[in-house]
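A.B. asks: Next up is a structure, given as C-alpha cells.
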C-alpha cells in the first residue's frame, strides 16, 4: 500500500457518498479560531464545526489529555464501566437537574435514546396508547429515521419510506397550537430552546413556561434537545437555565467533546428507572478516550470566565453585524442567543446564504447557513476580540462584493 495518497477536492466527488456539498478547499490544520487549507491559506473560523469546537481547534489542554488517555485505555465496551465515564457523568449530574446519564456518540443517538425513553416511560407508567410525540416545524433532531421524523423538516425526512407513527408537528413558539394537540395520549413534547438548523430562532420564555405547564397537566415529558444550544453556547451551561424551567430529559453532544465524538442524554432517577439491562445500548458510547477529553472540555467550559465571556462576544458580534447592516441594509433580523447567532437576509438577497458562504471562503472566512435565508455564526466560545474583528472585516468585504 502506498504510504501517501494525494487528494484534493475533486477526490471527494470520486470516493464519497454524495450527501454533502463541501467547500472547494480542504482544511488541514487548525489552531484556536484559525484554520489553514492544503495551500497554506488562512481562514477565520466563525463556523466552529457547527457549534462543536467551543474551545477552538487543537486546544493544548485537550491535546494533552487525548495523548495521555491514548496511552492508557481506548475502548472496553459497555460490558465494563470505566473511570472517565463515571467522572463525567457525575460532573453532568452535579451541574444540572439530572440524576442519571446515558452516553452515546452523536446528537442523533442521544435524541434517539431520549425519544425511546419517553415512549417507554409513558407505556410503562401509564398505558400502551400514550405514544404521541409533539415536535415543531423547522426543528432538527438528527438523521436516524426516528429522529429525522421527529424533526420538522420534510426535506430531510421524505423519500425513505414509512416513518415512525404518532408524531405531530406544530408551529414553534405557538402555545395555542400545542394546546390544540396535546392530550392524555401524548408521551413527550420535544423542542430545541434555540432552533439551530431551523433558522436560529430562540424559544420565547412565555412559550417555554406554557409548554411546561401543559406537560405537567397531561403527564407528558418535556424533552430539550440541547445538542447545539448546550455546553455554554448560549452563555449558560445549558439553555434551559435561561428560562427557569426544568425539563425531564435533555440531550447534549457537539461541544461536549470539542470535536471528539461523544453525546449524552440526561434525566431523573424516576424516569430512568423504567430502563433495564438490554433496553437500549451502544458499543462505543461512554468509551474512556471520548470521556477523558470531554471531562477536560467540560471543566474549561463550565467556568464563570468562559460562560460570562459568551455574552460579551455575542454583543461584539451583533454590534459588528448591525454596523454592516447600517451600511448595506442586507439583514432583516439579527437574532439568537450567546454565540448561536443568525442574520436573516432580506430581499433581494433572500435565498443567497450559500452564495455568501462561498464568497466568504474565498475571502478567508468560514461561515454557516441555516436554510437559504440565514447566515449562522457558531464560533469558539473563547474566540478573541481581534479574531472577531478580522472575521467581520472579511464578512463586510463579502457583503460589499454581493451588493
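For all residues, glycine too, the Cβ spot is worked out from N, Cα and C.
Straight from Swiss-Prot, here's the annotation block:
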BINDING   107, 108, 140, 225, 226, 227, 228, 283  pyridoxal 5'-phosphate binding site
BINDING   143, 282  N(2)-acetyl-L-ornithine binding site
MOD_RES   254  N6-(pyridoxal phosphate)lysine
A.B. asks: From the Cα of residue 226 (pyridoxal 5'-phosphate binding site) across to the Cα of residue 282 (N(2)-acetyl-L-ornithine binding site), what is the distance in angstrom?
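C.D. replies: Cα of residue 282 (N(2)-acetyl-L-ornithine binding site) to Cα of residue 226 (pyridoxal 5'-phosphate binding site) measures 20 Å after rounding.
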A.B. asks: Have a look at the binding-site residues (108, 227) and report the one with the fewest Cβ neighbours inside 10 Å.
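C.D. replies: Selected from the binding-site residues 108, 227 on minimum Cβ neighbours within 10 Å: 108.
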A.B. asks: Identify which of the binding-site residues 228, 282, 283 has its Cβ surrounded by the largest number of other Cβ atoms within 10 Å, counting every protein chain shown.
C.D. replies: 228
A.B. asks: Minimum Cβ neighbour count within 10 Å among the recorded positions 143, 254: which residue?
C.D. replies: 143
A.B. asks: Using a 10 Å cut-off on CB atoms, tell me which of the binding-site residues 225, 226 is the least crowded.
C.D. replies: 226
A.B. asks: Does DSSP give the residue listed as 'N6-(pyridoxal phosphate)lysine' helix, strand or coil?
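C.D. replies: DSSP assigns the residue listed as 'N6-(pyridoxal phosphate)lysine' to helix.
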A.B. asks: When you measure from the Cβ of residue 107 (pyridoxal 5'-phosphate binding site), how many other Cβ atoms are you left with inside 10 Å?
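C.D. replies: Residue 107 (pyridoxal 5'-phosphate binding site) is surrounded by 25 other Cβ atoms within 10 Å.
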A.B. asks: Can you tell me the CA-to-CA distance separating residue 143 (N(2)-acetyl-L-ornithine binding site) and residue 108 (pyridoxal 5'-phosphate binding site), as a whole number of Å?
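C.D. replies: Residue 143 (N(2)-acetyl-L-ornithine binding site) and residue 108 (pyridoxal 5'-phosphate binding site) have their Cα atoms 6 Å apart.
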A.B. asks: Could you check what DSSP calls residue 282 (N(2)-acetyl-L-ornithine binding site) once collapsed to helix, strand or coil?
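C.D. replies: SS state of residue 282 (N(2)-acetyl-L-ornithine binding site) = coil.
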A.B. asks: Which binding-site residues are spatial neighbours of residue 254 (N6-(pyridoxal phosphate)lysine) here, meaning Cα within 10 Å, out of 140, 225, 227, 283?
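C.D. replies: 227, listed in sequence order.
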A.B. asks: Ten-angstrom check, please: count other Cβ atoms within 10 Å of the Cβ of residue 140 (pyridoxal 5'-phosphate binding site), all chains counted.
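C.D. replies: So the Cβ neighbour count for residue 140 (pyridoxal 5'-phosphate binding site) comes to 26.
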